[in-house]
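Record features, source TrEMBL:
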type	residues	note
REPEAT	63-147	repeat 'Solcar'
REPEAT	160-244	repeat 'Solcar'
REPEAT	261-339	repeat 'Solcar'
TRANSMEM	263-284	transmembrane segment
TRANSMEM	319-340	transmembrane segment
REGION	348-367	region 'Disordered'
COMPBIAS	352-367	compositional bias 'Basic and acidic residues'
Amino acid sequence: RARSSRPYDENSCLRGAAVGRVVQWRRRAALPLGSVFDPPAAEMPDDQRIMRAEGCPFSDRTAGSSPYTIISKHTQGITHTAVVPLDLVKCRLQVDPDKYKNVVNGFKVSVREEGMRGLAKGWAPTFIGYSLQGLCKFGLYEVFKVTYSGMLDEETAYTYRTLVYLAASASAEFFADIALSPLEAAKVRIQTMPGFATSLREAWPKMVQNEGYGTFYKGLVPLWGRQIPYTMMKFACFEKTLELLYKYVVPKPREQCTKGEQLVVTFAAGYIAGVFCAIVSHPADTVVSKLNQDKTATVGSIVGKLGWAGVWKGLGPRIIMIGTLTALQWFIYDAVKVWLRMPRPPPAEMPESMRKRLEAEEAAKSK
């Protein structure tokens, strides 16, 4: 076989090795927010560093990047499935508070009536539904974040970055809930209607035969009411909490922390964000559970019947469930990136041009 006459070039070899990664790390146009969202060169493998130097920047959690969307998809599905027993008791507390007095009593009654196996009811629609939702939520969040930040100049994008997080997460969740709604409806039926069905394969055809496909989207609007505020809080609170933890709590700069220490900070920020997520979205979560249980109910009739105090039933277990879920999702998401040596940029930092301008203004005032 004829050998190439081209001289050996280490950089060329690295670029060749990077071709496989290009499939994963999708090329995007340079954006004004590159200095905020792009990973530092020191954290990038050699092939990515070379390609970025040639004008192909890579963004952490790159929009549409297959590794990130795959990670987020399975993170959502696995973590929600892991807490199905708690979710089952929470739903039953919401729809039948007379029978299920509290979390402990809810577990006791459920185990007594259906055995330990009954606590796993609804695991299949939970896994499938939240996997699809995670795929849309994390993937589209990055698409919208890059899109919205690209509409602003660098300094404006940094100053109003929280609004960018809120707008991007709300837009992503709008579409993610369309994927989740049918599976959420089936899950609630399985968990809260004794004798209706014990599996997704049994519940789905029954719902279609008795009520038609429209029943899967009956709770979509309340689901938006629950999930959009939840996701806005999840992303914006996490990003802001991470900044504040490194600024005021962690005793040394992020770049001096070990990967393990950084993951602990990620878990803490995720749990704090999860607590706020649970609180802001809980009334809508109660309404969704009741809607999917009772096919004749409406949002108005449910709120009127439950009252202000009733829509907060089950908040305790939901705080534990959502706090743990959110913390684990961010932890696993970050840990897998560490394991796969994916870029992990620090929290948003002030652009150099803005820092210099503020320093000049401060010096002018002091004269």
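Cβ atoms are placed via backbone N, Cα and C, with glycine included.
Bear in mind that the values here come from a model prediction, so they are computed numbers and not experimental data.
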Residues in the repeat 'Solcar' (261-339) grouped by DSSP into helix, strand and remaining coil: 70 helix, 0 strand, 9 coil
The region 'Disordered' (348-367): DSSP-derived helix, strand, coil residue counts: 15 helix, 0 strand, 5 coil
Integer average pLDDT (0 to 100) for the repeat 'Solcar' (160-244): 90
